[in-house]
Amino acid sequence: MTDQEEAKLILDKLNEKIRYHDLLYYTQDSPEISDAEYDDLCHQRSIILEKFPSLNSYYQDYIGGDPDSRFSKVKHNERMLSLDNAFNKQDVEKFMVRTRKLLDMKENESLCFSCELKIDGLSFSIIYKNGKLFQASTRGNGYFGENITNNVKTIENLPHTIQNAPDFLEVRGEVYIDRNDFIQLNNEGKNFANPRNAAAGSIRQLDPTITAQRKLKYCMYTIVNSNCLTQTESLNLLNSWGFCTNEHTISTDNFEEAINFYNKMYNNRSNISYDIDGIIYKINNIKLQHILGTTSKSPRWAIAYKFPAIEGKTKLNKISIQVGRTGVLTPIAELAPINIGGVVITRASLHNKSEIERKDIREGDYVIVKRAGDVIPQVVDVDKSLRTVELAEFNFPTACPACGSTVYQAQQEVSIYCMGGLFCHNQILEKIRHFVSKDAFNIIGLGKKQLLFFYEYGLITNIIDIFTLEEKINNKNIQLSSFNGWGEKSINNLLSAINNSKVINLENFIFSLGIRFVGKHIAKILANHFISYKNWYTEMLKLAQDVNYTINIQQVGLKTINSLRTFFIEQHNLNMINNLVEHLTIIDAQSNSYVSLIHGKTIVFTGELSSMSRSEAKLKSETAGAKVSSSLSKNTDFLIIGNNPGSKYKKAQSLNIQILSEDIWLQYIQPNKV
């Protein structure tokens, strides 16, 4: 595999993570990670795309998240872009140097910047027609936003009509909520994580009367396609029309003055009634903005210099251990409640055992808590001057607090892991979710909600239970159809999906076990190397039984080998695998000498097959070396038809694609050794 192919695999994973967190942040207003962690994901992607520019055309930059389906969509006349971020003074300087270079400016030519607060709220756009408010929308994914017109009309001091405005006017700004209003909102029984989420959730209410009660504020920052000469002039014009703009704005052509403005606002941020998370630097000259243009994601003429996280001091009452789905034991600080940036913090991450020892953190200490990215709190230091009595050192557990299994710490790693694997109930639900996922057993209809249901009723408490589910339901005389969400069709579909999944290829089986460092790519390498389940299992037992035994496979490193060894040392995992394979047919990986009549061909299925399910047919075809597609094209080699074929049959005839019956296809997939 080439470096670029490996980079593409990494980018696939990064994009999947980024889109997932975009959905949580922009659409559901419930982020799971900090701004800093999200920025790091985007930064990793930028580094790879910079190294492999040809991959840029393969990946479309999405902005934000897709519009909430509860609201009608609004197509933006011009894309609502996001901003590139700077995290230190050097990043800002690089931006300014790059900008001057793009503009082909001489050293003695001045370049003026507008310096504005980055308010932590929700971006929105308003269109006025003939001076009257016509439509308001969120940013959404940059192309389409959500129609929030009626909600925006409830915001105090926002003009519904404008005097002396052009016939068509689009302005953009930020909706936010003051910290005190946010605290009051939560005191009234709401449960927003922070002011930004409160503002975003309030503006997305289906009932505008609820929005009207939320004391939302706004700040306008741009006129789309403005005839103004400068950003400063645009802000003044917005003011003259009656819009709120931010008073904390300066323009300067001096780099140090721009940085001083950042430092001043960072130091005074607690005196501002609303949350800000950085300073935005914009080229002040609008003509130069147009010359610089944009990338697919952000303008080249602006950058956001992000603030570091907010900190506070409180007492650490207790250190508890949380066991994650990968088995990592994460120490958690149970804190005396502290309000940081308008959010009451009671728990914070201590990262790992090494961090506790390095910082000498003890129960009863007063600790410095930081909200990384203003979202996820973590303990960053201890105020030992307040340690007036002798406090006991914290002893990290030597057994998993959830299941009692042995814990281990790999060489050159800081994390400590539970060896319980699928025996550990804290890990089990997430492990099972991985087990049934698309790239593993691909059991459709067994998602998070369904798994939790079966787990709570004791029907699926380990992966073996999946394949005895029907028997358990019958033995316990449980009428699934009497429960909400379970109809006869959904039950039959699920049981059928489970039954079909019992035929699985070796690489998917290896991947399904969720062994650390064994992702899709490594699982495929292992499968292609060992060919059969028996060969693979035998070698894994050798690894577990002899610490000096190893396997030599290209791209399978020492970390992966040690992880495999650790997994197979644990008797719980061996018992699980041995019980599991009794329910399965594990298809050997295709060797290099394997050929069939459909090897290397692109095929499509239509109609209902009589001998097997569609998913099983897909697996058998792929094992025989074919590529299975869901749609016909001029590149399709064969269309396989079952009973009651659909419209693909006629389309295949019109495209002169060869059509095979199910019986002929079964002959074509037979392997031949050469």
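These residue numbers are counts, starting from 1, taken along the chain as shown.
Glycine is no exception: its Cβ is also placed from the backbone N, Cα and C atoms.
Listed features, source Swiss-Prot:
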- ASP35, ALA36, GLU37, TYR38, ASP39, SER82, LEU83, GLU116, ARG139, GLU174, LYS282, LYS306: NAD(+) binding site (BINDING)
- LYS118: active site, N6-AMP-lysine intermediate (ACT_SITE)
- CYS400, CYS403, CYS418, CYS424: Zn(2+) binding site (BINDING)
- 593-674: domain 'BRCT' (DOMAIN)
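Positions of Swiss-Prot features highlighted on the structure.
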residue: ASP39; record: NAD(+) binding site; DSSP (3 states): helix
residue: LEU83; record: NAD(+) binding site; DSSP (3 states): coil
residue: LYS118; record: active site, N6-AMP-lysine intermediate; DSSP (3 states): strand
residue: ARG139; record: NAD(+) binding site; DSSP (3 states): coil
residue: LYS282; record: NAD(+) binding site; DSSP (3 states): strand
residue: CYS400; record: Zn(2+) binding site; DSSP (3 states): coil
residue: CYS418; record: Zn(2+) binding site; DSSP (3 states): strand
residue: CYS424; record: Zn(2+) binding site; DSSP (3 states): coil
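For the pair CYS418 (Zn(2+) binding site) and the residue listed as 'active site, N6-AMP-lysine intermediate', the Cα-Cα distance reads 43 Å. Mean model confidence of the domain 'BRCT' (593-674) amounts to 83 (pLDDT, 0 to 100 scale).
Between LEU83 (NAD(+) binding site) and LYS118 (active site, N6-AMP-lysine intermediate), the C-alpha separation comes to 11 Å.
Its Cβ taken as reference, CYS400 (Zn(2+) binding site) is surrounded by 23 other Cβ atoms within 10 Å in the chains shown.
The CA atom of LYS282 (NAD(+) binding site) is located 12 Å away from the CA atom of LYS118 (active site, N6-AMP-lysine intermediate). A separation of roughly 16 Å, to the nearest angstrom, links the Cα atoms of ASP39 (NAD(+) binding site) and the residue listed as 'active site, N6-AMP-lysine intermediate'. Note: the Zn(2+) site is recorded as CYS400, CYS403, CYS418, CYS424; in the same chain, VAL323, GLY327, PRO401, ALA402, GLY404, SER405, VAL407, MET419, GLY420, PHE423, HIS425, ASN426, GLN427 also have Cβ atoms within 8 Å of that site's Cβ centroid. Residue counts for the domain 'BRCT' (593-674) by DSSP state, with H, G and I taken as helix and E and B as strand, are 24 helix, 22 strand, 36 coil. Sequence-distant neighbours of LYS118 (active site, N6-AMP-lysine intermediate) (same chain, 6+ residues apart, CB-CB distance under 8 A): ILE276, ASP277, GLY278, ILE279, ILE280, ALA304, LYS306. For the binding-site residues LEU83, CYS403, CYS418, CYS424, counting C-beta atoms within 10 A of each C-beta gives the highest total at CYS418. Within 10 Å of the C-beta of ASP39 (NAD(+) binding site) we count 15 further C-beta atoms, all protein chains included.
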